[in-house]
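What follows is a single structure, written as structure tokens, with notes after it.
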Amino acid sequence: MYNNYNLCHIRTINWEEIITGPSAMYSYVYNFTSPERACTPCDKSCEQGCWGEGPENCQKYSKTNCSPQCWQGRCFGPNPRECCHLFCAGGCTGPKQSDCIACKNFFDDGVCTQECPPMQKYNPTTYSWEPNPDGKYAYGATCVRRCPEHLLKDNGACVRSCPPKKKALNGECVPCDGPCPKTCKGVEKVHSGNIDSFKDCTIIEGSITILDQSFQGFQHVYRNFSFGKRYEKMHPDKLEVFSTLKEITGFLNIQGDHKDFKNLSYFRNLEVIGGRTLTEYFASLYVVKTSLVSFGLSSLKKIYSGSIAILENKNLCYAQSINWTRIKKSSEHESLLSNNRNESECIKDGLVCDEQCSDEGCWGPGPAQCLSCKNFILGNDCLQDCTAPGIYQADEKTCKVCHEECDGSCIGPNTDHCKKCKHARDGPFCVPECPASKYNDNGVCKSCHGNCVGGCEGPENNIGPNGCHSCDKAILNDHVPEGCLQKKESCPDGYYYEWVSPLEQGPLKPLASKAVCRKCHSRCKKCTGYGFHEHVCQECTKYKRGEQCEDECPADYFADANKLCIPCFSECRGCFGPGPNQCYKCRNYKIYIDEDTDGNTTSFNCTETCTPEYPHKIFNPDSEPYCSLETAGLIENELQPAILAGVAVFALAFLVVAAIIMYFWRVRAKAKENTVKMTMALTGLDDNEPLRPTGVKPNLAKLRIIKEEEMRKGGILGYGAFGNVYKGVWVPEGENVKIPVAIKVLHDGTGANTSKEFLDEAYIMASVEHPNLLQLLAVCMTSQMMLVTQLMPLGCLLDFVRRFKDKIGSKALLNWCTQIARGMAYLEERRLVHRDLAARNVLVQTPNCVKITDFGLAKLLDINEEQYKAAGGKMPIKWLALECIQHRVFTHKSDVWAFGVTIWEVLTYGGRPYENVPARNVPELLEKGERLPQPAICTIDVYMIMIKCWMLDAESRPSFKELAEDFAKMSRDPGRYLAIKGDKYMRLPSYTLQDEKEMIRNLASAMDGPEALVDADEYLQPKSRAPIPPGLSASSTSGSPPNTPVKPCWPNGKPLAADSPTPQNQQNWDRELLRYGANHRNGNVSSHEPGNSAQHGHYTPPNGHCGHVVGSDSTASRYCSDPLKMIDVRDCDVTDDCFDGEVNSAHQQAQVGNLKLDLPLDEDDYLMPSPQLPTNTTQYMDLIGDSKPTEMEPKRVNNGYRKYPEFLTIQGKTSLDNPEYIMSQDEGPLTPQTIGIPTPDLEKVLTNGTFGSQVRQRSSEEESDHEYYNDFDRLERELQPLKPLRKNETTV
């Protein structure tokens, strides 16, 4: 409001009462220089503001003064039940719809409604809509029975004009059949300037002309040669505006040429050409020199006047096939068709009518362009028959589409002709949705319950998902509707009537402004409101006390026959009547009527004090106090002496019996002790301490004590809390070797407890012996105590996976997991708890072999202990189980938790567990169920194993034996369990034997001496590779092997199997020869039983690398399936450790004939080439004969391995690297032996010939690093004549 000088009282109005909504805003501006006009105050009767003088102009309130129950509405008073109906606007005078001052929606005969009564209503009997006699039209906000004459009727409303797609017909708006009629004027020619004026036209008064200029554009020139408007180019698709055109009163002139102007489908709905005006040749259809290929005038039915001229259209087909007389109404005009495309060319290009068209021709290709159909017609399409889904046969030649509510076929056009309904079936009719009085039950409309109002969702007489939308009256139970009633039906017993607020929200919103029956209080049987006072409770369910209903009478009341609670006598504690002699118990004293105080049925009176008749108060502990004629002392004095005498006699008897029993027990125990002492003295076992054997096997591990001068310390490797770790060399006293070691030195000045823990670590390390556990070599007991262990050149596994992340594949990762699990399983078997397992405490010996170390926190459990409880000290929180952190309890299962974290570190390539979480917060996270996330490369199979390791219940975690088996199984198919990009191209960093030797040399470079460099494993477990002397028998092999140490692993970490019969392990090759010689000489064992022949040798193989005895005499250890089958790595169990057991031995052995071949494989099970032969020496048959003798090659020494002379070159004999070649023959078998076993008798070979002499003359410097399985100097195989092949192929 702006600058209203004469306006009074406007500032007194409360505008919040009037305007509503978020955009409501009141603004008052007064900019005059003179002060505002002084107005008279409002009348004293006004609450706040007024619109003028007098009480009649006071502002009335119906919003700001309402109760909260009337929220979002108005009211006629401040009380909760004085809310206006929701259909009211601006206030009301009562709660009904007829009490509104104004209506929010519609006003219908004095009542405010949501909408006007509909003009149609549903008849459930006929399943159809019928006119509603009470229907009204909406005229503005008023419901009227008839619309004013100047307005139209549309969908129950009075409108000024029809909406789109409807037309006025007899005062009503009806849907148009297709486009709604629109008449437009014709033009001289169509161009880009006027094309849009034809939009939605159905009739053109005049003609249509389309020329070349229509598409190419042109400059308009007036008759006085002045220039008009320039019209741009137009694409033929702009002619789509003519798709609604049905009639042209003049002619249709087409002379346009454009590459995209192929047909006249833009006029596809054109039905009539009037021909009121004609063009050249008196034509009403004139098509000359166009680029048309077909017409596309599929709806053209009549040309009333004029001829038809189709001329000079070089691409036009179909014109000759059309029966033009059927279209022309006038017979006076001819049809001119000339110089169009040759009909034979059209046929050649397939531009002919569809087979469903009749002989009258067509407008273009397809069944929709026929003038008439050969069989049936459906709309504009010609069909073979009317059997397709969704159509039916209307007459002999016509098919029609089923009603849109039909799902599939039908027999007629209406909704009751459908065989199946698309949405729902209401009686015989298909409907898009069920009417309001019915619900959809699996496609069938069924009637709602009779009490439902506004529709339903199911048959139940209730408001809910399977019942009514609303009802006139509902029965409530705990604020939830449980049934509906008719509007005039009364509430059942136990319920009371209540009115629901019109602004109700929640489950009662469908019942707003309606009546409900609420359940009475549980104590009331009939009521008028909620409560259990007689004001609202008409009848009690159980008992009534005073003015209230009760579930039961109180303790000091009793119920009469009418269930009324009546008070007991004042001295009673519970009663069954009102008198003093009807009490269950008394508050003070009883007075027995018949003096029988012990009977339960004895009657008594209750009294506050004893009466003069019964003056004495008796307090009996077994009963209530009562009044008596006699005093209590007389009764007690009579009984007291007898009671005391009985107690004394019983106590004396008990003491005598107890003393006798103790005496005899002591005598027997003394006699038994003397008997034991005498027996021990007689047997010589007199000892003061009794024996308590545990059955535990003795620990026979050896602890080697060395001197300080045997140690050579080098650079420092790491720091610890109690000492430092140095790399160094150990030179054992009296031996000519140097061993690279790691030396852990205790700090000076450490306490006695630290030294004890240092020795405890030494004890545990010396007690373990496993290929995946770092073993103690020796202890130096100087002032600074030293622990000597094997040197792990590649550092810890944590740094290794971080450094070589891009080179580590899935197989290596799973092998490491398996090895760690096997090492921990060994500790579990020996009752050792590690307590500090982590990736930093796993050392890498080779890329294929890891070892667990750092036993500083490890504890050995006694035979009767299942757990260790730490007293204090630091703990690696993020690696520990929850019970370790909270209770300091350590078991093997807590090591399993740490194993899961260690595996997580490895599979995340050195990730930090709980990296951004302080250690003190880790226990809380674990209790809440949080665990380390799944590594990116890890499948759910591996992650589930980690989750099992992190179970809060320790007993639910797997054992290390189970973990080792699981990871061993996964390592045989690594790509299935770890998804690493480029996995098959990854190779671990090379760490060959030469690298290790070089490391040892560098380490000992400062300590030069004559000692030989030896690895710790070789020093502890040496192996012999001495050649076999001639004539040596099986019984002569019992001597000890020489001291020359041999590295028992291939450079890639694969060990040499101890029972291999190939020269790749010289010791076992010698043993095979000895077995064969002994068996051949004695004739005890067939050469076809290599598994059994090994049992006759007396040579005991030394332990394999890492401490396991390798080799087996059983056939199962040699083969994984058929012994005559070439073994594939998938058929065998693939080893994943750094030592060879039976599995590894089996999976590397191939079989040719009866001979096992131990072939060197790399980490991916590919055959490794031997480094023995020089690159310029062929390994195949010399067909040219210009190869040089191998004896001329210089003999080489490589890494300390023996070197044998190369193969002899004998004239006519050629070295051959294919062992099967000499086995194929057609002149009978050479010998029952396979390759690798000499054809002549072994004794002859060993005693004379080239073999024996060469063996005696060889030195260790001449021995080779690797030998092939067809070493000639051992077998003299080249001296055997080559036989022709038995078959024309080579068997592999």
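Keep in mind that glycine also has a Cβ here, set from the backbone N, Cα and C atoms.
Copied from Swiss-Prot, the annotated features are:
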TOPO_DOM  1-641  topological domain 'Extracellular'
CARBOHYD  Asn31  N-linked glycosylation site
CARBOHYD  Asn224  N-linked glycosylation site
CARBOHYD  Asn263  N-linked glycosylation site
CARBOHYD  Asn323  N-linked glycosylation site
CARBOHYD  Asn342  N-linked glycosylation site
CARBOHYD  Asn600  N-linked glycosylation site
CARBOHYD  Asn605  N-linked glycosylation site
TRANSMEM  642-662  transmembrane segment
MOD_RES   Thr675  phosphothreonine
ACT_SITE  Asp836  active site, proton acceptor
MOD_RES   Tyr1166  phosphotyrosine
COMPBIAS  1258-1292  compositional bias 'Basic and acidic residues'
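Residues of the same chain that lie 6+ residues outside the transmembrane segment (642-662) never bring a C-beta to less than 8 angstroms of a C-beta in it. In the predicted model, the topological domain 'Extracellular' (1-641) has a mean pLDDT of 88. Here the C-alpha separation of Asn323 (N-linked glycosylation site) and Asn224 (N-linked glycosylation site) works out to 47 Å. Put simply, Thr675 (phosphothreonine) is 53 Å from the residue listed as 'active site, proton acceptor' when counted between their Cα atoms. Note on the recorded positions Asn31, Asn263, Asn342, Thr675: the fewest other CB atoms within 10 A surround the CB of Asn31.
In the three-state DSSP scheme, Asn605 (N-linked glycosylation site) falls into the strand class. Counting Cβ atoms from all protein chains shown, Asn323 (N-linked glycosylation site) has 14 others lying within 10 Å of its own Cβ. Following the DSSP three-state reduction, the secondary structure of Thr675 (phosphothreonine) is helix. Set side by side, the glycosylation sites Asn224, Asn605 differ in how many other CB atoms lie within 10 angstroms of their CB, and the most is found at Asn605.
Here the C-alpha separation of Asn31 (N-linked glycosylation site) and Asn263 (N-linked glycosylation site) works out to 74 Å. Ranking the glycosylation sites Asn224, Asn263, Asn342 by Cα distance from Asn605 (N-linked glycosylation site) puts Asn263 first.
Taking the Cα of the residue listed as 'phosphothreonine' as the reference point, the closest of the glycosylation sites Asn224, Asn263, Asn342 is Asn263.
There are 20 other CB atoms within 10 A of the CB of Asp836 (active site, proton acceptor), with all protein chains counted. You'll find the Cα of Asn224 (N-linked glycosylation site) roughly 45 Å from the Cα of Asn342 (N-linked glycosylation site). Here the CA atom of Asn263 (N-linked glycosylation site) lies 18 Å from the CA atom of Asn342 (N-linked glycosylation site).
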